[in-house]
C-alpha cells in the first residue's frame, strides 16, 4: 500500500498550485454565506417580537420546510441562520468537493495528464490520495472558517461549531461519493452527472423526510448535518455518522480503483451507431454534446422556480413589518406591492442562475478545444466562426428559454398554492426582461474564449459578482458605481415596476458587441489544447 501512495505529497502541492485560486473562491464564497446571513437577520429582525412573528409564520409550512429543513429554534438569530443556510451550504460544499475530486482524478485520466504523471515515480493510488487530501483540507477549512466567523458575529460557540461541522462533514461525504463515481464512469461528464444526481437525491430525500417526518431524512447526508441541531440543544453523534460514511466511501472507492484499468470505468460507455448522417453539421454536433447539460439545467430551473412559487401569498407573513419589506417594495405600499417585490427579486436570482447555465454552455466549447477534439474538426471545411457560433447559439437560446421556464414554473406553482394563475404570464414576462443581462454574461465569456482562452473560466467570476451584488450589495451599502457593474441592477424589478425598455436595448447592444468581439478573437488566435 505504501508503494501505491508514492508521490502523494508532490501531487498535493501540484493540485494546490493548479486549483488553489478556484479553491480559495469556493471556500470564501461558501463561508461568507453564513455570517452575512446572520448579520442580515439581525438587521431585518432587531427585536425578539420580530423573531417570534417570523417563527410563527414559518411554523408548520410544509413547502418552506421542504426547501430549508426542519424547524429548530426559529425564534433565535442562530436558529434562523442555521435553518436558512444549512441545506444550501451543504449543497455548495458537495459541489466544491465534486469539483475538486473529478478535476484531479477522472478529468486527468480523460485528457491524458495522468498518463504523463504516471511516467514518473508515482504510485497507482497517489492521484486519488492527493485529491482526497486536498478536498478534506478544503472542507476542514470550511468548518473552522464558518465557526470562527459566526462566533465573531456574536452567536453561541457550540452552535457555530455544530453548523460549521455540518457543512464541512457533509462535503466530505459527497467527496467520497464523487470518488466512487470517478471509478464507475469512464468520462468526466459521467462522473459529474452521477455526483450531481447524488446531491440532488440527497436534497430530495431530506425534503421528503422532513415534510413527512419519517426515516427518509436519515437516508440523506444533508439531513444528517441538519440533525446536529445547531443552536438548539446540539447533537454531535450525526457528525460521527458523516465522518464514518466519508471514510467508508473513500475505502470503497480505493477498492474499486484497484479493480479497474487506467482510463477505463467499471461501467463501459454505450457504443454509438456505426454510421451517422451529419446533415445538421456543426449545430447538430453541438446540440448532441450540449443536450444533457441543457435538459438538466432546464429541469433544475423549473424546480427552482416552482420552489419560489410554493410561498404563494405568504410573503407578508415571512417578512412582516421589518426593514426587509421596505427593501423588497422599494418604498411602495398597498395592494400586492410586497408580493410583487418578492417575486421580482426571486426572478433576479433565477436569472443569475440561468446566466451560470449560459456560461457553462459556452465553456463547453472551450473544453472541446482543450481536449484536442476541435483541431481535427477545423481541419475540415468547418469554419471557426461556425464552430463557436453553434455553441453560443445554444447558450443564448437555451438560457432565454430557461429563464422564461423558471418564471412560468414560479407562476404555475403560485397558482397551485393560491388558486390564482394570473402570475404565470406575468412572471414569464418578468424572466424574459432579464434575458439581455444574461446575454451580457454570455458575451463576456465569449470574449474570454476568443482573446484569453486560458482565462475562460473567469467567466464564472461575473456570475459570482452579480450574486454578491444582489445578496449583499444593499446590506453592505456598496456604492452605486460598484452596484452598476452588474448588468442585472440596470433592469426594472418586474412585476413590481413597469418594464424599462432603454436598459433592455442597450444591454442587448452590449451583448451583441461582446459576442462579435469574441468571434473576432477566436478567428485570429491559434487553437490551444
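For all residues, glycine too, the Cβ spot is worked out from N, Cα and C.
As recorded in TrEMBL, the features of this protein are as follows:
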| type | residues | note |
| --- | --- | --- |
| TRANSMEM | 21-41 | transmembrane segment |
| TRANSMEM | 82-102 | transmembrane segment |
| TRANSMEM | 129-155 | transmembrane segment |
| TRANSMEM | 161-181 | transmembrane segment |
| TRANSMEM | 190-209 | transmembrane segment |
| TRANSMEM | 236-256 | transmembrane segment |
| TRANSMEM | 294-311 | transmembrane segment |
| TRANSMEM | 342-363 | transmembrane segment |
| TRANSMEM | 392-414 | transmembrane segment |
| TRANSMEM | 434-452 | transmembrane segment |
| TRANSMEM | 459-479 | transmembrane segment |
| TRANSMEM | 499-522 | transmembrane segment |
Task: the transmembrane segment (294-311) in contact with the transmembrane segment (392-414), cutoff 8 A, at least 3 CB pairs, sep 6+ - done: yes
Task: Criterion met for the transmembrane segment (499-522) and the transmembrane segment (161-181) (at least three Cβ pairs under 8 Å) - done: no
Task: Tertiary contacts of the transmembrane segment (129-155), as residues 6+ beyond its ends and Cβ separation under 8 Å - done: 5, 8, 11-12, 14-16, 19, 23, 26-27, 30-31, 34-35, 38-39, 42, 77-78, 81, 89, 93, 96-97, 100-101, 104-105, 161, 163-165, 167-169, 171-172, 175, 179, 231, 250
- [ ] Determine which residues of the chain contact the transmembrane segment (190-209) at the Cβ level, with the cut-off under 8 Å and only residues 6 or more beyond its ends counted.
- [x] 65-67, 69, 87, 91, 94-95, 98, 101-102, 106, 174, 177-178, 181-182, 184, 215-223, 226, 265, 269, 292, 296
Task: Beyond the flanks of the transmembrane segment (236-256) by 6 or more, those residues with Cβ under 8 Å of it - done: 125, 128, 132, 162, 165-166, 169-170, 172-173, 175-177, 179-180, 182-184, 221, 224-225, 227-228, 266
TODO: Determine which residues of the chain contact the transmembrane segment (434-452) at the Cβ level, with the cut-off under 8 Å and only residues 6 or more beyond its ends counted.
DONE: 347-348, 351, 354-355, 358-359, 362-363, 365-366, 388, 392, 395-396, 399-400, 403, 458-459, 462-463, 466, 486-488, 490-491, 503-504, 507-508, 510-515, 517-523, 525
Task: Leading stretch by Cβ pairs under 8 Å, where the reference is the transmembrane segment (82-102) and the options are 21-41, 161-181, 342-363, 392-414 - done: 161-181
Task: Chain residues outside the transmembrane segment (161-181) and at least six past its termini with a C-beta under 8 angstroms from it - done: 30, 34, 81-82, 85-86, 89-90, 93-94, 96-98, 100-102, 105, 128, 131-132, 135-136, 138-147, 150, 190-191, 194-195, 198-199, 202, 221-222, 224-226, 228-231, 234, 236, 238-239, 242-243, 245-250, 252-253, 256
- [ ] State the non-local partners of the transmembrane segment (21-41) in its own chain: residues 6+ outside its ends, Cβ under 8 Å from one of its Cβ atoms.
- [x] 77-78, 80-81, 84-85, 88-89, 92-93, 96, 99-100, 134, 138, 141-142, 145-146, 149-150, 152-153, 155, 163-164, 167, 457, 461, 464, 471-472, 475
